[in-house]
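A.B. asks: Once you've had a glance at the structure underneath, I'll fire off some questions.
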Amino acid sequence: MAAAANSGSSLPLFDCPTWAGKPPPGLHLDVVKGDKLIEKLIIDEKKYYLFGRNPDLCDFTIDHQSCSRVHAALVYHKHLKRVFLIDLNSTHGTFLGHIRLEPHKPQQIPIDSTVSFGASTRAYTLREKPQTLPSAVKGDEKMGGEDDELKGLLGLPEEETELDNLTEFNTAHNKRISTLTIEEGNLDIQRPKRKRKNSRVTFSEDDEIINPEDVDPSVGRFRNMVQTAVVPVKKKRVEGPGSLVLEESGSRRMQNFAFSGGLYGGLPPTHSEAGSQPHGIHGTALIGGLPMPYPNLAPDVDLTPVVPSAVNMNPAPNPAVYNPEAVNEPKKKKYAKEAWPGKKPTPSLLI
């Protein structure tokens with residue numbers, strides 16, 4: 001396999017050596033700047049990893065001006081079970097601790113050793129997979145009381161530094177898994193290209209009528225709002241005096257509706273009022289020699305206009321019998337008995 005070009009006009013190719021193999025799981029680099037741990041780089045998936053400024057050609061990008069585009073290569077030896085670092089003719093060099101490496105010469109990197117690239121202040125420390133089992137307890141005094149505590153730790157390291165190291169490693173491992181899952185999913189799932197069938201504007205020659213009432217005058221504009229109902233009509237009676245009687249009786253009922261007897265229209269006349277004020281037709285009485293209708297205290301509302309009846313100003317003299325006893329007796333009013341709704345007439349309880 002070939003790598004990309006380095007700085008300068010020459011284009012050296014990195015050929016993967018035949019002794020390169022896949023590293024053991026959990027092998028990683030701790031990236032430290034000063035006293036702060038920045039990140040962990042997992043290096044257990046490939047035979048070799050490239051470092052440099054070119055993000056398209058390198059596995060790990062070094063964002064520093066002193067580094068070359070393809071600066072160095074980290075290779076795992078499958079027979080020696082060791083990691084080797086190769087400088088790819090960089091301008092400012094690759095360092096193992098404070099020792100600068102010779103170009104194109106593999107150099108073994110022991111575990112827990114630190115390397116750096118160019119003038120970058122970031123240090124890369126080679127680490128193995130953190131041990132999840134607790135370290136052996138030294139001394140017979142700690143065996144009794146701390147066994148329960150060690151069981152409660154569930155395989156976590158005792159020291160806080162080791163615990164932080166394990167946490168960072170798990171975080172980097174999970175981040176790599178999520179990245180690989182997304183990349184593999186993008187490779188497997190190919191989005192189908194969207195086909196544009198009707199990308200051009202076409203005009204139809206046929207005219208489509210949306211509102212037929214604008215074209216056809218026989219079609220009504222409000223045809224959807226019209227409802228049709230069939231009402232059967234009774235047969236009319238034969239023309240004759242009988243038909244006139246029905247019409248006259250209906251008109252008389254409408255005319256006599258307004259001239260009801262009123263509140264006291266249904267009361268029988270008293271003995272004193274029988275002779276002096278006889279009732280006329282349709283609730284009228286002679287008051288002061290003039291026929292006047294009783295006032296209706298609760299008239300019904302009728303929407304049809306009622307023609308008022310003409311009052312005769314010169315009535316004919318009423319041949320009523322004059323009774324002098326009725327004049328001297330005091331007049332008494334009679335009130336209608338109130339009828340309770342739902343009350344049934346019961347015989348008097350008094351015997």
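Sequential numbering from 1, following the chain as shown.
Note that Cβ sites are derived from N, Cα and C of the backbone, with glycine treated the same way.
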A.B. asks: Match it up for me: which of 200-203, 288-291, 304-307 does Swiss-Prot list as region 'Involved in PP-1 binding'?
C.D. replies: 200-203
A.B. asks: Swiss-Prot annotation phosphothreonine: which of T94, T125, T161 has it?
C.D. replies: T161
A.B. asks: Swiss-Prot tags one of S66, S199, S251 as phosphoserine; which one?
C.D. replies: S199
A.B. asks: Which candidate in S135, S178, S218 appears in Swiss-Prot with the annotation phosphoserine?
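C.D. replies: The phosphoserine feature in Swiss-Prot corresponds to S178.
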A.B. asks: State the residue range annotated as motif 'Nuclear localization signal 1' by Swiss-Prot; the candidates are 185-209, 260-284.
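C.D. replies: That would be 185-209, per the motif 'Nuclear localization signal 1' entry in Swiss-Prot.
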A.B. asks: Where does the mean pLDDT land for the motif 'Nuclear localization signal 1' (185-209)?
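C.D. replies: In the predicted model, the motif 'Nuclear localization signal 1' (185-209) has a mean pLDDT of 63.
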